[in-house]
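**Q** Provided herewith is a single structure, encoded as structure tokens, for subsequent inquiry.
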């Protein structure tokens, strides 16, 4: 990968965000997702690369575009693997709530963990706590470590947790330490990455979310130098989700084995989930969020706010782009 490719990857998420944002607040989450998928795939198709989707919209028989294993790009150039979520937080987009974004991770061929469509226990924390907090430890232990690493009182810490029934005990434990809990309804990728930046008011992400999004978060946190660990969850009694109502622990273990994952309890570090020499994260806001604004439609232009983090040059670039419409007569500075 090179810097030219990184610029094109930025444009991929920008176009997906704009497409979804056209439907913000209309209650049409599936349509918003489909629009983002189509826009993302179209822009990817114009890039000089041998791209491959390793995490996408599902298996080939489940998704018409951006399915796992789909080849994208011109068919010549560098080999690049992608983990994509064209509209992360579809409910957030449909309801015009904060935190929806178009997002992807990219790496050299073979550089991203092909996460199954399972759940994942996650722990994200700032660079100062890297290697000190640990997903094996209790929430209380990690909060105390985080307090020490950041030089902050426990009462000043904010821990983000997905608002799910499975997290009832976790939330109670966090609050018992004196730390604050920020429950979120959807979209834990942005919350995880926000832990890597000071000043966001978010100091740690704990709890269980989707495994594919865990890979995208890991790519960003690896490039930032932050802490990220993930552990697959295969027990329906722990996941506590209606999607697994008919699944069994034994059946899920068998599914993992079929995918070549023989140790379902393995704890993955960020550099195992995103192991490539060159790793890039790109996200563009659909709605306003912790890291950037959502898409803004104006008479003569459309504005996007995005973030690209890359190990290639050790940068995190916040980008505000003005997409000028044909016949534009007046473009304001902001």
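Cβ from N, Cα, C; glycine included.
What you see is a predicted model, and the numbers here were worked out from it, not measured in a lab.
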**Q** With 85, 88 listed by Swiss-Prot as Mn(2+) 2-binding, which of these, 173, 213, 243, 250, is given for the same site?
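**A** Given 85, 88 bind Mn(2+) 2 in Swiss-Prot, the matching entry from 173, 213, 243, 250 is 213.
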**Q** Hey, Swiss-Prot has substrate bound by 88, 89, 90, 164, 165, 166, 186, 187, 188. Any idea which of 119, 234 it lists too?
**A** 119
**Q** Quick check: of the binding-site residues listed here (57, 85, 213), which one has the Cα closest to that of residue 164 (substrate binding site)?
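**A** Going through 57, 85, 213 one by one, the Cα closest to that of residue 164 (substrate binding site) is 213.
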**Q** Starting from the Cα of residue 33 (Mn(2+) 1 binding site), work out which of the binding-site residues (85, 166, 187, 213) are within 10 Å.
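**A** Neighbours among binding-site residues, in sequence order: 85.
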**Q** Quick one: among the binding-site residues 33, 85, which has the most Cβ atoms sitting within 10 Å of its own Cβ?
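**A** By the 10 Å Cβ neighbour count, 85 comes out on top.
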**Q** Among the binding-site residues 57, 88, 213, which ones place their C-alpha within 10 angstroms of the C-alpha of residue 187 (substrate binding site)?
**A** 88, 213
**Q** Please find, for 88, 89, 90, 119, 164, 165, 166, 186, 187, 188 as listed binding substrate, the greatest distance between any two Cα atoms, in Å.
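**A** Per the listed residues, the maximum Cα distance equals 21 Å.
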